[in-house]
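Chemist: What TrEMBL records for this protein is below:
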BINDING   C:Asp8, C:Glu39, C:Asn40, C:His178  Fe cation 1 binding site
BINDING   C:Glu39, C:Asn66, C:His151, C:His176  Fe cation 2 binding site
ACT_SITE  C:His67  active site, proton donor
Protein chains: 4
Amino acid sequence: MKVLAVGDVVGEAGIDTLHGLLRRVKREHGADFVIVNGENAAGRGIMPKQADDIFSAGADIITLGNHAFSKQQIAPYLDEHPDVLRPANLAPQSPGRGWGVFDGPQGLRLLVMNLIGRCDMHYGPDNPFLCADKILREAAGQYDIALAEIHANATSEKLAMGYYLDGRAAAVWGTHTHVQTADNRVNPKGAGYITDIGMTGPVVSVLGVCVEQSVAMFRGDLTEYFKTAPGDCALSGAVFTIGRDGRCASVARVWERWAVR
Amino acid sequence: MKVLAVGDVVGEAGIDTLHGLLRRVKREHGADFVIVNGENAAGRGIMPKQADDIFSAGADIITLGNHAFSKQQIAPYLDEHPDVLRPANLAPQSPGRGWGVFDGPQGLRLLVMNLIGRCDMHYGPDNPFLCADKILREAAGQYDIALAEIHANATSEKLAMGYYLDGRAAAVWGTHTHVQTADNRVNPKGAGYITDIGMTGPVVSVLGVCVEQSVAMFRGDLTEYFKTAPGDCALSGAVFTIGRDGRCASVARVWERWAVR
Amino acid sequence: MKVLAVGDVVGEAGIDTLHGLLRRVKREHGADFVIVNGENAAGRGIMPKQADDIFSAGADIITLGNHAFSKQQIAPYLDEHPDVLRPANLAPQSPGRGWGVFDGPQGLRLLVMNLIGRCDMHYGPDNPFLCADKILREAAGQYDIALAEIHANATSEKLAMGYYLDGRAAAVWGTHTHVQTADNRVNPKGAGYITDIGMTGPVVSVLGVCVEQSVAMFRGDLTEYFKTAPGDCALSGAVFTIGRDGRCASVARVWERWAVR
Amino acid sequence: MKVLAVGDVVGEAGIDTLHGLLRRVKREHGADFVIVNGENAAGRGIMPKQADDIFSAGADIITLGNHAFSKQQIAPYLDEHPDVLRPANLAPQSPGRGWGVFDGPQGLRLLVMNLIGRCDMHYGPDNPFLCADKILREAAGQYDIALAEIHANATSEKLAMGYYLDGRAAAVWGTHTHVQTADNRVNPKGAGYITDIGMTGPVVSVLGVCVEQSVAMFRGDLTEYFKTAPGDCALSGAVFTIGRDGRCASVARVWERWAVR
Ligand SMILES: [Fe+2]
Ligand SMILES: [Fe+2]
Ligand SMILES: [Fe+2]
Ligand SMILES: [Fe+2]
Ligand SMILES: [Fe+2]
Ligand SMILES: [Fe+2]
Ligand SMILES: [Fe+2]
Ligand SMILES: [Fe+2]
């Protein structure tokens, strides 16, 4: 089985890129199952329209992150769509779900969990490590293969999660920093791992944002904030090749440029 | 000209790896000039002995970071060694220097600057963007090629610096997250860029630290902290191929495994 | 009933001050029950010896904070002493307890809970608001009067907790900033409240630390860190006058100077 | 000479309170000079209309803080009004000024500086300690009495500034936490000091914000954010009695309730 995870889709440009490339990438890599992080589909957050668009581009599951509820209009949509996951370790009364068991290829039942880190991020969520334990306990017997996205800032928190779930999940990938890392590999007990799969959006940008605005902010100039950058985009992600035994055989990085019309 | 930048050397294991691999890597890539980040050579910080060891392994310049003065014994050494740079934007009364002009290959005068970010790090340093401007102004006329290391946590701050110095520096590379990124490239105006060149130390580790300790900390268990992990190491870095016009032609990632005896 | 809460005792000087003043302050205010924050009794953290010393000075309960386990030797002591509380919302597997029901004056059963904030502090603990709900649920029927210490940095988090527990607790007081606030008052539904009760330790100091060291750190000078300041001390706290109906009638600040011999 | 410093005025309610109380408070305390923090006059930030309103209520100087440019419309106003100060240690290219020498009572020339802290706040500003040194150097010979507001989060940073300027400034007061502290006093070399003078706005609120919204946010509920709380307000500040020798004789806290019509 091959799982394709796609990193944070940024704005309309990112969604266009997904429509332009996702089915081709899926075909070329032979991916059977596609998980797309959509927390920036509306810049900060996502609205029902963008979620529909991401599904129509070929995603099986949409995951979110710290911007899950930056647009609160998404809340009722989450309650109706179990295939859109917000971080599982948000406050328990949050709308939506943080994990689910889904029908995968070859009759495999896939447990997908969306976790969020806290180191150098917002302090609000519950402990993602203990949350992962709880999910694995609750879902025991209901799934064949476990997959985990850790949406986090600190490389330390993501690396630690990759080792923590090693032997219990077949793939652990990071999102949130919007820059793809080069450390794709299989951990000692068989979990495919990469610290960050990168973002899907404008190539010449700072996390998707217009370079001039970001530079101005760091210089301490007054500036407006958060215009999506113009120009060519890229789809960024990773493909995990997973055996029926739940071990990952290899992790390949994906980075495909898309010329915006 | 080819510049090899090597990421944070962690502990004795990292220094051994440097001794084992640096000259070979340099030869294989045809690198003329080697800059090594040494801020973790003594775990947190560096002492004169480790600095001597890094030079003897083949470094031309040692750079530092947030741990520059975690071992304060290094302070007098810095005053005597202009080829060891601490971040230029630390408080102005700090010991040592943050930049220098050094004799490079082909008679080229190389301006090397060490900058540190502040986003999701310590708030103490001065603005690294304005500091870079100041250094370029002060050094004007004294150098042929400018090279900048940005030791920072946030991908946004490093990306912004890469664009900010684009057209003014031939290479800008990030350090500090200890995980190599896959975004090596040449920016629009000719600056070679990569968000993080990774670390030189134990492969199966969390930033160099023993996995069990890091996991315990994230779980909220009581734990000791900061034993360097055992096992095989890797040398991690990047090679920038730079023309006499100060434009970078290409950036290649380097990641070489070293079997610890 | 009158409850005296005493703020973070800093070092040996703070313990001496407690021995010199606590019984007198208790008598003068007619306090029946004394709760002392001891998280800095050993500078960072507390050891069994200091806990014994604080009890022998007249404390009924010792509370802790972010430094609860800075000296891990205290862990077994906590397991044996239910009257020493560490924050209740630390990871559930932490040693010790975060709340207890204790025999108070007039046959009243006092629920005392120690909570820790996360805003501008460490992200590790669980949500203190939801934790307080859970404790009140678990302890329902076992207590007559509830008292809560919120060890937190942000005034917002402490104020919000004061309102959140208003009507459910008779007193809510803050610790951690080491500076006493002037907002002692009774909240609309009867909870006595003060944002911070201050610290017990050296008057001319920065949170108990030697002024020169703190200033040096903020200037960006190299400096050693965390020598306790010399000179006169003060005991700092608040007295809550609470009726049998669980409403607080008044909150008085306490600040008494102690001339160190 | 008596200087009245008034803490962060929050919203229209805060401005109304100022109009209702400031002249009476000034008269009752015999204050000669009034400095009002206006960074929250428009909730987040301030606009020209609110600045005019604060002056018409009786302020001699308006100071700002981290919200100085949350409404960027204020920028040109600052350039035209030297009696509105934004933090002096913002990036040097920022609009407006961070300090000025003003005609005070009894022919005294008053140096007023507005500084901002960085600990547990935004990392952007320059070092406020070194900035204060620079201002005192630049203004040398032009003033008789120096006054400094330190807009900061950490009690440590404010306390350290109070000692750092002791002997060089006649008064140092903190703002930003919106909760008045009880540590008003004169430091060893004669600087009047208080860690925070509190805020001018709704009494039953979390820093001025509606209690329900703040509690919801801390619980992790979805919530709108930042409606100013209803109900009675208070004017909060401090009066510094300063001799011609530049030593402060005493610091008195001011807290006056204002019944909103
Ligand atoms: Fe994110
Ligand atoms: Fe994102
Ligand atoms: Fe670092
Ligand atoms: Fe490092
Ligand atoms: Fe504390
Ligand atoms: Fe403390
Ligand atoms: Fe503020
Ligand atoms: Fe404010």
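Backbone N, Cα and C atoms are what each Cβ position is placed from, and that goes for glycine too.
On a predicted model such as this, the values are computed, not experimentally measured, just so you know.
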Chemist: Mind running the binding-site residues C:Asp8, C:Asn66, C:His151 against ligand 6 and keeping the ones whose CB falls under 6 Å of it?
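Modeler: What lies within reach of ligand 6, judged by Cβ under 6 Å, is C:Asp8.
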Chemist: If you compare CA-to-CA distances from C:Asn40 (Fe cation 1 binding site) to each of the recorded positions C:Asn66, C:His67, C:His151, C:His176, which comes out shortest?
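Modeler: Among C:Asn66, C:His67, C:His151, C:His176, C:His67.
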Chemist: Taking every protein chain in this structure into account, which of the binding-site residues C:Asn40, C:Asn66 has the most other Cβ atoms within 10 Å of its Cβ?
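Modeler: Of the binding-site residues C:Asn40, C:Asn66, the highest Cβ count within 10 Å belongs to C:Asn40.
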Chemist: Measuring Cα to Cα, how many Å separate C:His178 (Fe cation 1 binding site) from C:His151 (Fe cation 2 binding site)?
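Modeler: So the Cα of C:His151 (Fe cation 2 binding site) lies 10 Å away from that of C:His178 (Fe cation 1 binding site).
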Chemist: To test your reading of the Fe cation 2 site: which residues beyond C:Glu39, C:Asn66, C:His151, C:His176, same chain only, put their Cβ within 8 Å of the Cβ centroid of those residues?
Modeler: C:Asp8, C:Asn37, C:Leu64, C:Gly65, C:His67, C:Ala68, C:Pro87, C:Ile116, C:Ala152, C:Thr175
Chemist: Between C:Asn66 (Fe cation 2 binding site) and C:Asp8 (Fe cation 1 binding site), what is the CA-CA distance rounded to a whole number of Å?
Modeler: 11
Chemist: Look up C:His178 (Fe cation 1 binding site) in the DSSP assignment and report helix, strand or coil.
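Modeler: It is coil.
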Chemist: Under 8 Å, Cβ to Cβ, against chain D: pull out the ones among the binding-site residues C:Asp8, C:Asn66, C:His178 that qualify, in sequence order.
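Modeler: Of C:Asp8, C:Asn66, C:His178, the entries that lie near chain D are C:His178.
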Chemist: Just going by other Cβ atoms within 10 Å, which of the recorded positions C:His67, C:His151, C:His176, C:His178 has the emptiest spot?
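Modeler: It is C:His67 that, of the recorded positions C:His67, C:His151, C:His176, C:His178, has the fewest other Cβ atoms within 10 Å.
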Chemist: Between the Cα atoms of C:Asp8 (Fe cation 1 binding site) and C:His176 (Fe cation 2 binding site), what distance do you get, rounded to the nearest Å?
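Modeler: Computed Cα spacing between C:Asp8 (Fe cation 1 binding site) and C:His176 (Fe cation 2 binding site) is 7 Å.
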Chemist: Measuring Cα to Cα, how many angstrom lie between C:Glu39 (Fe cation 1 binding site) and the residue listed as 'active site, proton donor'?
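Modeler: Here the two Cα atoms lie 5 Å apart.
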Chemist: Would you mind reading off the Cα separation of C:His151 (Fe cation 2 binding site) from C:His67 (active site, proton donor), to the nearest angstrom?
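Modeler: About 11 Å separates the two Cα atoms.
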Chemist: Taking the Cα atoms as reference points, how far is C:His176 (Fe cation 2 binding site) from C:His67 (active site, proton donor) in Å?
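Modeler: Distance (Cα to Cα, whole Å): 10 Å.
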